Amino acid sequence: MRLIPLATAEQVGKWAARHIVNRINAFKPTADRPFVLGLPTGGTPLTAYKALVEMHKAGQVSFKHVVTFNMDEYVGLAKEHPESYHSFMHRNFFDHVDIPAENINLLNGNAPDIDAECRQYEEKIRSYGKINLFMGGVGNDGHIAFNEPASSLASRTRIKTLTHDTRVANSRFFDGDVSQVPKYALTVGVGTLLDAEEVMILVLGNVKAQALQAAVEGNVNHMWTISCLQLHPKAVVVCDEPSTMELKVKTLKYFNELEAENIKGL
């Protein structure tokens, strides 16, 4: 696992965006061989999306031959709802870059057959071979996507019940009203995530410090979903300074020295 320790949330977003752009450009995608990118929602990736849009407008990257798969979507929330992940992605990213509509893949939380929707999503991912790079965030309790604590590390795209803590955390997007936050969501599984060629997780703020410590210094444990990254051959964790509060000094020193060349110029 790589750990990229940076000072601020803005630097985390810029580093992540630069990493994605470098990966896309090195891949040299075409219509017949697109770059497949997994994407998250929430507050954490906003600076990364902003930086990606800026780099696109500066001519540094094109998303014309990029295919995206989003991590999750609420169940029962109309896709036109301002807090649906469909709306979030278009508002913060898709509407500002040159990605073709047919290349965008989002789970349908209102599908008449939820099991079929989840199965078809997995099949579509497999039809591209694999996801080349999956970017994600992490919850205070270590969840990735909506793989809450005790999720199977072999899980696939499915419906999940959201914990009360997750709904409280997400209520900030619903005027602070927990009752407005859906109780269920469709989410890619931990196994889906681990199948990606590369996984990049962004960690921001002191509320995520325990999760980061579990990911980097703890054991692989289904109660801390983020610890699954230890099983991945190409995992990158990009974090800001407040999120490193629970790490040992020698751990942080080790990664700062290891990644010194890669964190310049931000």
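Cβ coordinates are placed from backbone N, Cα and C, and glycine is handled just like the others.
As annotated by Swiss-Prot, active site, proton acceptor applies to ASP72, HIS143, with the evidence given as sequence analysis. Annotation source Swiss-Prot lists active site, for ring-opening step at ASP141, GLU148, citing sequence analysis. Annotated site 'Part of the allosteric site' per Swiss-Prot: SER151, ARG158, LYS160, THR161, TYR254, in sequence order.
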Top of the recorded sites SER151, THR161 by count of other CB atoms within 10 A is SER151
Which recorded positions (GLU148, SER151, LYS160, TYR254) fall within 10 Å of ASP141 (active site, for ring-opening step) by Cα distance?
GLU148
THR161 (site 'Part of the allosteric site') as reference: those recorded positions from ASP72, HIS143, SER151, TYR254 with C-alpha within 10 Å of it:
none
Tell me the coarse DSSP state (helix, strand, coil) of SER151 (site 'Part of the allosteric site').
coil
Using DSSP and three states only, what is TYR254 (site 'Part of the allosteric site')?
helix
Could you tell me the C-alpha distance between SER151 (site 'Part of the allosteric site') and HIS143 (active site, proton acceptor) in angstrom, no decimals?
9
How many whole Å apart are the CA atoms of TYR254 (site 'Part of the allosteric site') and HIS143 (active site, proton acceptor)?
26
Using a 10 Å radius around its CB, how many other CB atoms surround HIS143 (active site, proton acceptor)?
25
Spatial neighbour of GLU148 (active site, for ring-opening step) that is closest, considering only the recorded positions ASP72, ARG158, LYS160 and their CA atoms
LYS160
